[in-house]
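The next block holds one structure in the form of structure tokens; read it before the comments.
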Amino acid sequence: NLNAKLANPLKGVSHDQLMKDVEIFAQERGLTHHLANLQKGALVAQDPNVFERSDLFTEEERRILREETTNKFKQTPMLYYMVIMASLAAAVQGMDEAVINGAQIIYPAQFGIGDPTSQRDSWLVGVVNSAPYLCCAIFSCWLTDPLNKWLGRKKTIFLTCFISFITCIWSALTNTWWHLFIARFFLGIGIGPKSATVPVYAAECSPAPVRGALVMMWQMWTAFGICIGDLLDVAFYFVKDTPGTTGLNWRLMLGSAGIPGLLVCCQVMWAPESPRWLVSKGRYEEAYGELNKLRFSPVQAGRDLYYMHILLEAESEMKRGRNRLVEMFTIPRNRNAALASWIVMFGQQFCGVNVIAYYSSTVFFESGFSRVSSLLASFGFGLINWLFALPAVFTIDTYGRRNLLLFTFPLMSACLLLTGFSFWATNETGRVAGVSLGIYLFGVVYSPGEGPVPFTYSAEAFPLYIRELGMSFATATTWFFNFVLSITFPSLLLAFKPQGAFGFYAAWCMVLWVLILLFVRETKGKTLEELDQVFSVPARTHAAYGLRQIPYGIKKFILFQNPKPEVLYEEESD
């Protein structure tokens, strides 16, 4: 059967049996004083529209439950407080990507590695720039699972943001390239677990109708951090050295990236803990309390807690006595999630965006810009990257993750080709205009697609019992290839010129389009528990479905016909 039925485990359970099960659950977990709300919540979990027919619900409860679909962005202040905190944590990463972009046109000369014709110097600049991502790939991302297990989501975020703040200040105080490399390597300890934890934390706190929009705040505010970092590059470039201090401008650039981390440390402990993490630790009373802060009604909290409980009970039974690392690849459901997450994370690096974020000032300078104009042009890219991520808040849960990727990857390829071809222009004005247009248009199509999707997708793809491990795998993938491309891009520019470098990434965009078509599943609108059924569809079945979408797309978007779309997933009907 090509239709994967999204089965609700409570469907088919009689009313009396459901009420009895909830009563037993409340007694076992010390929640009998919340029994009425838990029972009403279980009824809604079983049938989302039951509140319209049952006399058990008050008119206020009915209004709140209706607004979950009619006004999905109406959420509690505490939920949005959590989003603001997660956004600031993301800005730390974005600012680091941007400030190194500006600093790398200044510090190499001071450290004796600034010869633009030297292969050795190009490699050393790449090594220093990419040091945090080497740490993420080989070490820090794999700390995510034990840190989350011991500390929980909130305290892990606090610890990693504090490390980010300290290491950014440390980077600003270095005086040799190898000392800067060490400081930036330790910055990776702050970036890796944080990048894996914050999206998972947001996914576990958010209701399904707006989960994609809220989780994608990670990438949107990473883009905001890049924008602010580029702006600070321009501002600090003109700072003059003081007696006894050489390179004050690039030192201020690197040090400023730690400020958002300090702000997160000051506010994160006031945010709620992840209810799913608390349930996984058996702390049901605390989980119910946190859900009451994140939802408008105790009935919603009761529904989410009970539904979470029955799914986690099944997962606990599954993982007992098993090797989670092995099962991430041997169980088809987990392997399909890992493959899809790996593709979108790999794609975020090989689509070319991060080398633009790190080296746009160098690219603009080679096309004919002055140094200051290069920094201003880089700020323009950062601003576009952030502004055009804003529409994804609405499109990611409307059009879906997979559709956004399939639509934007061919456009990104075209923009990269335009950028590369522009370097062949003999007229400097035409070359500058073509490079700027290509890079800016790339930012326009990247920001609502491959920008927000990877971390959102990876945070929701894995079942809870391997979620931290799966997210560690996904983020280690993106940071490893971030490191590889960051260290090789200066040499790639030197060896193959910008034309070859941008052509390389344009080709990869089309390869990734094919991989997404075949192996990346749609996760829009499903609860984290329902996604088990989505990823249980065999990879061969999904790949065949993807191939059948090619003639459908030709008929619909090229021939302007109205073919009937094939539905791969359908909910199990009563």
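Every residue gets a Cβ built from N, Cα and C, even glycine.
Taken from TrEMBL, the feature domain 'Major facilitator superfamily (MFS) profile' covers 82-524. TrEMBL lists 78-95, 123-144, 156-173, 214-238, 337-360, 372-392, 404-425, 431-449, 469-496, 502-520 with the feature transmembrane segment.
The transmembrane segment (372-392) makes contact with the transmembrane segment (431-449): 3 or more of their CB pairs lie within 8 A, with pairs spaced 6 or more apart in sequence. Nonlocal intrachain contacts for the transmembrane segment (431-449), taken as residues 6+ away from its ends with a CB within less than 8 angstroms of a stretch CB, comprise 223, 351-353, 356, 360, 363-364, 367-369, 377, 380-381, 384-389, 391-392, 395-396, 404-405, 407-409, 411-412, 415-423, 425, 498, 502. Within the same chain, the transmembrane segment (78-95) packs against the transmembrane segment (214-238): three or more Cβ pairs sit under 8 Å, each pair at least 6 residues apart. The list of residues near the transmembrane segment (214-238) in space but at least 6 beyond its ends in sequence, with Cβ under 8 angstroms from a Cβ of it, reads 79, 83, 86-99, 101-103, 106, 195, 198-199, 202-203, 206, 249-250, 252-253, 256-257, 260, 357, 361, 371-372, 375-376, 378-379, 381-383, 385-386, 389-390, 392-393, 396, 447, 451-456, 459-460. Here the domain 'Major facilitator superfamily (MFS) profile' (82-524) has a mean pLDDT of 87 out of 100. Only residues 6 or more beyond the boundaries of the transmembrane segment (156-173), in the same chain, are considered here, and those with a CB under 8 A from a CB of the stretch are 85, 89, 92, 96, 144, 147-148, 180, 183-184, 186-187, 189-194, 197-198, 201, 251-252, 254-262, 264-265, 268-269.
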